[in-house]
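**Q** I'd like to ask some things about the structure below.
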C-alpha cells in the first residue's frame, strides 16, 4: 500500500511538474526596476523604490548599434538587453538580443538552458535550425520579416547564407537570464578541460584531432 502511494505521488508530480516549471518566477508587482547599486545578491536584482521610477528605466538604445563580428572566429556578435542597460526588464522574464552575422558567418550550435527563443530576420538570408532530443533536425531559410522559434534548451544555430553581405536578426528570449552554451567550446575548451580520452571516445577522434580542435577554438 505504501509503495502504491509513492508511485501515485511520483506520477502526480510528473504530471504537475511541466505546469509548475517556468523559466522565471512571476513578478509580484507592476515592475521591479533593478537597483544595480545594491550589494545584495539575489535571483535577479533588488527593486528600486517605485517612487523613483523613470521612463528611462524602461528604454534602451543598446540594440541600435551593430556588434563587432570580427571579435571571434565564427563571425557573429550578440548584443543583449541587461539590467545595466535596461533596468526595467528586471523580473519581466525576458531578454532581447541583436544578432549580427558577417558574410558567411555562423552563430555556432548552442543552447539556452533557461529560455525559449524566437528570432526574426531583419536583413540578409539566414539558415536557422535546431535538433530535438530524438536527433531530428528542423531547419528553415529566413528572409527579412521571417521568424523562427527555438525551443528551450535545444541545440540550435544561425548561418548567414550571403557570401558578401552581413545579416541581422533580433531575438526575444523567455528569461531574464537565458544563459548560452556553445556546444563545441563546452566540449573542447572547458576549464578545467574534459579529459582527452573522453573526447576521443565521444567524438571518435584521435588525440591529434583533440589537440587541433582545442587550438582552433582558442583552448
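A Cβ is built for glycine as well, from the same backbone N, Cα and C atoms used for every other residue.
Annotation source TrEMBL lists signal peptide at 1-21. Marked as disulfide bond by TrEMBL: 32-47. TrEMBL lists 61-211 with the feature domain 'Cupin type-1'. As annotated by TrEMBL, Mn(2+) binding site applies to 110, 112, 117, 156. What TrEMBL records for 112, 117 is oxalate binding site.
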**Q** Measure from the Cα of residue 47 (disulfide bond) to the Cα of every one of the binding-site residues 110, 112, 156, then give the nearest.
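**A** Result: the closest of the binding-site residues to residue 47 (disulfide bond) is 112.
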**Q** I'm trying to understand the geometry here, so how far is the Cα atom of residue 32 (disulfide bond) from the Cα atom of residue 117 (Mn(2+) binding site), in Å to the nearest whole number?
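**A** Just about 23 Å between their Cα atoms.
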**Q** If we count other C-beta atoms within 10 Å, could you say which of the binding-site residues 110, 112, 156 has the fewest?
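**A** Counting other Cβ atoms within 10 Å of each of the binding-site residues 110, 112, 156, the minimum falls on 110.
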**Q** What is the set of residues, excluding 110, 112, 117, 156, whose C-beta falls within 8 angstroms of the centroid of the C-beta atoms at the Mn(2+) site?
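**A** Checked against the 8 Å cutoff, the neighbours are 111, 115, 130, 150, 154, 155, 178, 180.
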**Q** List the residues of the same chain that sit at least 6 positions away from residue 117 (Mn(2+) binding site) in sequence and have their Cβ under 8 Å from its Cβ, in sequence order, or write 'none'.
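**A** Spatial neighbours, sequence-distant, of residue 117 (Mn(2+) binding site): 149, 150, 156, 171, 172, 173, 174, 178.
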